[in-house]
C-alpha cells in the first residue's frame with residue numbers, strides 16, 4: 001500500500017516505471033514474433049541443434065533427412081534464417097554458430113540459397129543482420145571452405161532497437177522531471 005501511495009504522490013516515478021516496463025516488453029516481443037511461426041519447423045530440426053550449436057562435427061542423418069524433406073515446405077527455410085538472425089538472443093536458450101547454421105543446407109547436400117534470407121525476413125539491405133548473410137554468401141562463393149563471419153564488431157539490429165528504446169525512455173524521464 002505504501003508503494004502504491006508513493007507512485008500516486010510522485011507521477012514522475014510512475015511514468016518512469018511505465019516507460020521501463022514498455023521498453024522491456026517491446027524488446028522481448030520481437031523474439032516472440034520471430035519465433036512464433038517457427039515452432040513446428042524448429043521441432044522438426046531439433047536433431048540439427050548439436051551441429052548448429054557447435055557440439056557436433058557434422059549434422060546427423062536424421063537432421064539431414066528432415067531438412068531435405070522440410071526445406072521447401074512451410075516455414076523451415078525462413079526459420080533457419082531466423083535462427084541465424086536471432087543467434088545471440090538469450091531467449092533462445094542456446095548459442096547458435098551462425099556459420100554452422102548457414103552451412104547446414106550444404107553440409108546436408110540440400111539446395112538452399114542463404115542469400116535469400118534478408119528478403120525472407122524483410123531485413124533492410126544495409127542492416128547488420130542482413131550483412132551477416134551477405135558476408136557468408138560472399139565468403140562461400142570465393143572459397144571452397146567457409147570463412148568465419150565476423151559479428152563481434154558490428155552493432156546488431158536488436159541492439160540498435162534496444163538503444164533507441166532506452167534513449168526514448170531517458171528522454172521521457174528527462175522531460176517529466
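Our numbering is plain: 1 for the first residue shown, then up by one each step along the chain.
Backbone N, Cα and C define each Cβ position, glycine as well.
Its Cβ taken as reference, residue 81 (disulfide bond) is surrounded by 26 other Cβ atoms within 10 Å in the chains shown. Per Swiss-Prot, disulfide bond is recorded for 38-81 (among others), and the stated evidence type is similarity to another entry.
According to its DSSP assignment, residue 48 (disulfide bond) is helical. Counting only residues at least six positions away in the same chain, the Cβ atoms of 59, 63, 66, 67, 104 sit under 8 Å from the Cβ of residue 48 (disulfide bond). According to Swiss-Prot, the feature disulfide bond maps to 48-63 (among others), an assignment based on similarity to another entry.
Swiss-Prot lists 64-108 (among others) with the feature disulfide bond. For residue 64 (disulfide bond), applying a Cβ distance below 8 Å and a minimum sequence separation of six or more within one chain yields 107, 108, 109, 110.
The disulfide bond annotation in Swiss-Prot covers 79-117 (among others). Counting only residues at least six positions away in the same chain, the Cβ atoms of 37, 38, 41, 42, 45 sit under 8 Å from the Cβ of residue 79 (disulfide bond).
The secondary structure of residue 113 (N-linked glycosylation site), as reduced to three states from DSSP, is coil rather than helix or strand. Sequence-distant contacts of residue 113 (N-linked glycosylation site), defined by Cβ-Cβ distance under 8 angstroms and a gap of at least six in the same chain, do not exist. Marked as N-linked glycosylation site by Swiss-Prot: 113.
For 152, the entry in Swiss-Prot reads GPI-anchor amidated serine.
The signal peptide annotation in Swiss-Prot covers 1-29.
Every protein chain considered, the tally of other Cβ atoms within 10 Å of the Cβ of residue 38 (disulfide bond) stands at 21. Geometry remark: residue 81 (disulfide bond) versus residue 117 (disulfide bond), CA distance 5 Å.
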